[in-house]
Every structure is written in structure tokens, then in C-alpha cells.
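*Asks:* Taken from Swiss-Prot, the feature active site, charge relay system covers 162, 464. Positions annotated as active site, proton acceptor by Swiss-Prot, on the basis of sequence analysis: 252. Residues or ranges marked as active site, nucleophile by Swiss-Prot on the basis of sequence analysis: 286. Under the heading K(+) 1 binding site, Swiss-Prot lists 93, 180. Under the heading NAD(+) binding site, Swiss-Prot lists 150, 151, 152, 176, 177, 178, 179, 230, 231, 232, 233, 254, 286, 387. Look at Swiss-Prot and you will find 246, 457, 460 tagged as K(+) 2 binding site, backed by sequence analysis. Swiss-Prot lists 286 with the feature cysteine sulfenic acid (-SOH). The annotation site 'Seems to be a necessary countercharge to the potassium cations' is assigned in Swiss-Prot to 248.
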């Protein structure tokens, strides 16, 4: 028997056997252990979940704003009470260090839910006067049943980022976690029910994106799809959503983000920021600043500071609280990252440190790749152009502000960007010219609940978090009222 046993679907407020009974394994990437068997949903299960959501959503939407707010706040309390339990599951499922999952993943997800729970009573329409005898008022009404499709790198956090605004606005959600990391989304479903969420308002269907994800995006009973993943999959989701019932979509599709260090920067601070922007969570963060631009005159000094810091990284068993760098999420992904590293070597980038998988001792059975830094990189290299989603930093030199802005924007992506400088005039001037949806000055990576998150260009459509996201889970109804007589031309 695996550590977490058989995991069922969550439909209509209860853990439910799938129709087919087919299963797939959840694997701990730190050691290859099968930690759970998960049931795979099929078309009948999708229909059941949609039917349950359609029943539960009107019940949820009919509650007062304060009633809905209290239920979501209770879910926040449960999440925080069970932080360590959920963090341990997340670590086993993703390979992320326990030091991360305990302090970030569940904590920040709960913060987002608390934020939207507090906004529910403030979700209101407008009154628009037309003339003395007439006015218009608007209502913000729920979309109905919406779908969320998650990525594997922040399973619980993404489930909360998607469900919190959807539920706050009075919708029901069917959530499909990544088949690679599904366990904590199933736990979240039980937590919502324990907090008082009506049956059917939050459902979880596990299975592959090609099957379950596609069925959700094409289902006529779904009003909106929020997707996090790669560009190719996102385009397919968007096309299916538009081709079925013209669904609304939110897309977060990754990036190849520039981090620009200017000559006046504190080089130690710049190196610390670059380390967090590349190696946190073993480099598996969509906003990572993997293209690090450094003035040519400072390149050698900066490289030295980076190498010193990489050597201090504590690589190990993610369940050991001393570990701050764990395995990649799967053996398949490890192989993908290694192919990119091999490409960097072939194309002539200079390997400063790393560049290999870790296959000895206690790490021998895990999906580990050493923190890797390339320098003397060119803009046309594969490691500079494509999202690797692993612990691979590319250092590029530049000589002028105009040059680095042009090169930073020379990408199909536009998710994030950052600058490190003591000159705030320059910081704002440059940031305003960078084509990215999330920008940082003298910091990197924090995404507060109040901060809209999303990309330009191929990095996405729409935003997550912030007030505007709550509004995008509603539709506006306009009502005109006439208080005097009505005159017909007929």
C-alpha cells in the first residue's frame, strides 16, 4: 500500500469513485517512490461534476455576501491549522523542500483566499442617472460554472488562486490539477466542504490534460476556463473554449523573463536577487528571471559572486528542513532540463558551474539537476530563447541602456521583468519600457494577493489576483428604470 493510498475524485461534496476505475500513480521525485494511486476521470465523470456544480451554484450564489465570506474565512482557518500536514504532502508530491512548502505554498494560498473572502461584501453594481425620470443600475452576477486547470509547480497555491475569486463571486468551480501533482487539490476540496461550502460548488477531477482538461474546455456547461501551463497547451485550451461555447478564458502561460542589473547596483544584492530569481523551487517558477543582463564591465565580478552563492546551496532530501534545493518535479522533466543544458554546451555558452544531473549517494534515485549557470550567452541560443523551467541561469552582457531594453523585449514572452539599480528615475524609466505584466524593482518574486499577476504577448491573457480578477468572474447586467410615462412612435 502506498503512503497516501487510493485517491478518489471529489464530486458533489464527497470523495467519489471514478466511472472507469482507471488509476495512475503519484511519484515522489526525490526517490521514485509511488506515494498514491489516483483515479482518472472520464467524460461521464465530467458530466457528473458539471451537473453537481449546476445544482450547487445557485444555492451558493443565493447566500448573502457575509455568509459566503464567513465560509471562505473558515476555510482559511482550516488551511492554516493544517499547514504542516499539507506542506508535507506537497513536498512528497512535488519534491519541493519542506522549508518552502511550510512557509510559502499553503501560507500564500490561504492569504489569497482570505483576501477574496474580505472582498465579497464589496462586490457591487452602479447607479447611473439618465434624466429626472430615468436611471440605470447594474448588477454583477456570477458566470455560473467555471473550470480551473492547474500547473504542477504550485499545486495548492494555484488551486486557491483560481478557486478563491471564482467562489467569492458566487460561481461553482470544477478544478483539474496537474496529473503530476494532484494530492493537495483533493485535500482542499474536503476543506471547503468542512468549512460549509454547499455540495457541488467545488469539485476536483484528476486525470490527464489531454483528456479531462479538453473535456472541460469543450463542455457546454462551463462558462469560463482559467488555465496555467505552457504556450502550446494554452493556445489549444483557448481555441477549444472559443470553438465550443465562446467561453471566457484566463491564461498564464509562462515566461523567459529578463533581470537587468545596472552598473550602480549593489552587486551583492543583485547576486542575491538573481539567485532567488533562478534557483528558488529548483528553478520551477514561471516568473523566473532566467535572462540575467549584466554590464560588460561588471560581468566577471558578478559571475564570481554567483558561483560563490551556488556553492552554498544545500541540495538534499526535501523532507530535511536544512535542504533549500530539491529535485525537479519528475524524471521526465529532469530529462527535458538536461537536454537544454546539453544544448547550451553545444551552442557555445560558457558553463560556469553545474550542468549535470545528480546521480550519486542519497540523491541517486531522485530527479535532481545541479544548479547550473551559463555565461557569454547569445540572444539566439536555445537556452536564452525558450522556457526551460529548471535551475538554469543565463548571463548576458550589455553596454547601454537602450541596448538592454531592446534585447530584454526581444522575446515572444512577456510575463515578468526586473531591474536592480539605486537610481529610481532610471528604474521607472526602464520598467515602463519593458514588455512584461509583472515587474520588480530591487526585488524579485513576491506576488501579494492584491497584485494582479499575468503576462503580455504569449505569456497570457487576463490576470489572477487583485480586485479586477474578482470582477472578471462576474457578468454585468444593466437595468434601465423609467419612472414616468412611456411614449411610443406607433
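First residue shown is number 1, and so on along the chain.
A Cβ is built for glycine as well, from the same backbone N, Cα and C atoms used for every other residue.
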*Asks:* Given the recorded positions 177, 231, 248, 252, 460, which one's Cα is the least distant from that of residue 93 (K(+) 1 binding site)?
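*Replies:* Answer for the nearest of the recorded positions: 177.
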*Asks:* Find the one among the recorded positions 246, 457, 464 whose C-alpha lies closest to that of residue 177 (NAD(+) binding site).
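*Replies:* Ranked by Cα distance from residue 177 (NAD(+) binding site), first place goes to 464.
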*Asks:* Say you check the Cα of the residue listed as 'active site, proton acceptor' against those of the recorded positions 152, 233, 246, 464; which is nearest?
*Replies:* 464
*Asks:* Can you tell me the CA-to-CA distance separating residue 457 (K(+) 2 binding site) and residue 179 (NAD(+) binding site), as a whole number of Å?
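*Replies:* Checking the Cα atoms of residue 457 (K(+) 2 binding site) and residue 179 (NAD(+) binding site) gives a distance of 27 Å.
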*Asks:* Neighbour count, 10 Å Cβ-Cβ cut-off, for residue 231 (NAD(+) binding site): what number do you get?
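*Replies:* I count 18 other Cβ atoms within 10 Å of it.
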*Asks:* What does the structure give for the C-alpha distance between residue 180 (K(+) 1 binding site) and residue 464 (active site, charge relay system)? Integer Å is fine.
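*Replies:* The Cα atom of residue 180 (K(+) 1 binding site) is 22 Å away from the Cα atom of residue 464 (active site, charge relay system).
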*Asks:* Give me the Cα-Cα distance between the residue listed as 'active site, nucleophile' and residue 233 (NAD(+) binding site), rounded to a whole Å.
*Replies:* 15
*Asks:* Out of the recorded positions listed (162, 233, 248), which are within 10 Å of residue 460 (K(+) 2 binding site), Cα to Cα?
*Replies:* none
*Asks:* List the Cα distance (Å, whole number) between residue 152 (NAD(+) binding site) and residue 248 (site 'Seems to be a necessary countercharge to the potassium cations').
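*Replies:* If we compare the Cα positions of residue 152 (NAD(+) binding site) and residue 248 (site 'Seems to be a necessary countercharge to the potassium cations'), the gap is 23 Å.
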*Asks:* For the recorded positions listed here (179, 248, 252, 464), tell me which residue's CB has the most neighbouring CB atoms inside 10 Å.
*Replies:* 252
*Asks:* Could you check which of the recorded positions 162, 246, 464 is the closest Cα neighbour of residue 150 (NAD(+) binding site)?
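*Replies:* Checked the recorded positions 162, 246, 464; minimum Cα distance to residue 150 (NAD(+) binding site) goes to 162.
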*Asks:* Would you identify the secondary structure of residue 177 (NAD(+) binding site) according to DSSP, in three states?
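*Replies:* In the DSSP reduction, residue 177 (NAD(+) binding site) maps to coil.
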*Asks:* Far apart in sequence but close in space: which same-chain residues, 6 or more away, have a Cβ under 8 Å from residue 246 (K(+) 2 binding site)?
*Replies:* none
